């Protein structure tokens with residue numbers, strides 16, 4: 001089934017860079033973006049939207065992408081930048097950093113979603129691109145695996161919040177931990193559940 005899905009993904013023009021992000025929705029941690037230029041001479045089987053892959057498959061494919069891609073780069077925007085800029089602009093900043101950090105300059109940049117950052121590269125937005133375009137799928141896999149590893153690191157530093165289980169998303173367990181322990185330095189103060197909690201605690 002994976003092989004059939006891979007064949008259906010659009011390869012795109014030569015010199016195409018695919019871009020995707022991970023971590024727009026969570027209450028904690030950075031937003032991570034990845035940019036990938038695939039090598040048509042070294043195809044990678046099994047590429048698809050990272051959310052539709054098992055963790056083991058994501059890790060295996062991430063290793064293949066790093067080994068076989070013409071170029072790739074992963075970048076992030078910090079929690080402080082998210083709170084200062086808002087999550088949309090911070091995501092665009094992370095994407096800009098990822099493309100700018102690649103060792104090869106792309107001819108075209110295709111971005112997952114409905115908008116592109118303001119930059120000089122020729123680009124287009126592709127809605128659900130991580131399930132349509134191979135390079136965007138590869139970028140989604142790198143962004144997801146890198147961010148998950150970052151959140152596991154935060155779990156070691158702040159085990160009370162369970163970051164390794166929910167990766168910062170607003171699960172019932174995470175919200176309960178926030179209520180019991182307050183916010184840590186890696187929580188996004190601009191996000192409503194965190195902000196409301198801080199507002200409530202400041203009243204007492």
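Counting begins at 1 with the first residue displayed.
Every residue, even glycine, has its Cβ placed from backbone N, Cα and C.
The domain 'RNase H type-2' annotation in Swiss-Prot covers 14-203.
Taken residue by residue with DSSP, residue 20 (divalent metal cation binding site) is part of a strand. Residues or ranges marked as divalent metal cation binding site in Swiss-Prot (evidence: sequence analysis): 20, 21, 112.
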Tell me, roughly as an integer, the mean pLDDT over the domain 'RNase H type-2' (14-203). 96
For divalent metal cation, what surrounds 20, 21, 112 with a Cβ no more than 8 Å from their Cβ centroid? 19, 22, 33, 34, 95, 111, 113, 129, 130, 136, 139, 140, 143
Drop a 10 Å sphere on every Cβ of the binding-site residues 20, 21, 112 and tell me which sphere holds the fewest other Cβ atoms. 112
